[in-house]
Ligand SMILES: Nc1nc2c(ncn2[C@@H]2O[C@H](COP(=O)(O)OP(=O)(O)OP(=O)(O)O)[C@@H](O)[C@H]2O)c(=O)[nH]1
Ligand SMILES: [Zn+2]
C-alpha cells in the first residue's frame, strides 16, 4: 500500500554527470503532498543507505539561483548517494515550508537588509516550518529505518530520530559558498547551528 509506483528514470545533469534513479511515489503520506524518493545506486542492497532530505527550492533547483546553495547540494547529493546506495527524498517544502510566493516575499525583505530568518518572522512565519513525518513514512515504506543522513542541519536529524528513524550517522554536505549566498549560509550557522565551515581558507 504505501509505495504507489516505482519507475526508472535516466538522469543527466547540466555538467554531463549521468546516473539512473528509480523514482518512487507513495500513497497516504501524512501531509497529502506529492513528495518523491529517488533510489540511487544499490539502494536496496546498501547496509546503511545514505539519505538526504532535500527541501524543494524552485529558484535554486530549477533555475540555478545563486542566492542559496540548493542546486549544488542537490547535484552533490545525487552523486554521493549513487556511489554508495541510498535515497534522496525530494520534499515539497518550498521556502522551508512557507511556500514559493512567501519565500520570494522574504527575498524582497532581505533586499532591505533583513536576514533569511528575520524576513520569515516579519511575514508572520516561524524561522523554519518544516516537519518530517512524511519523510519518516517514506523511509519506512522503503524499508530504510536505519540510515546515514547527509545534512548540515541538526534539526533534520533531531526530528527524524524523534519520529523513530534510526539515524546512525550524520555526514555534512560540501560547502557551496559564493558571494551571492554567503550571508544566507552565515545566517544558517548563527541561527540554527548548521555545520557549515565558512572560515576563509588560510
Ligand atoms: N523562507 C526562506 N526559505 C529559503 C530561503 N532560501 C532558501 N530557502 C529554502 O530553504 C530550503 C533549503 O533546504 P535544504 O537544502 O534542506 O537546507 P537546510 O535546511 O539548510 O539543510 P541542509 O542543506 O541539509 O544542511 C528550501 O526549501 C529553500 O526553498 C529564504 O531566504 N527564505
Ligand atoms: Zn535554495
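The backbone N, Cα and C atoms fix where each Cβ goes, and this holds for glycine too.
Please treat TrEMBL annotations as automatic predictions, because they have not gone through curation.
With 52, 53, 54, 55, 56, 94, 95, 96, 116, 151, 156 listed by TrEMBL as binding GTP, the candidate from 73, 137 annotated for that site turns out to be 73. Across the structure, residue 54 (GTP binding site) and residue 130 (active site, nucleophile) are spaced 11 Å apart at their Cα atoms.
A strand conformation is recorded for residue 52 (GTP binding site) in the three-state DSSP classification.
Taking the C-alpha positions, the distance from residue 57 (Zn(2+) binding site) to residue 96 (GTP binding site) comes to 9 Å. Residues near residue 68 (Zn(2+) binding site) in space but far in sequence (CB under 8 A, at least 6 apart, same chain), listed by position: 57, 59, 60, 181, 184.
The shortest Cα-Cα distance from residue 130 (active site, nucleophile) to any of the binding-site residues (52, 56, 94, 96, 151) is found for 96.
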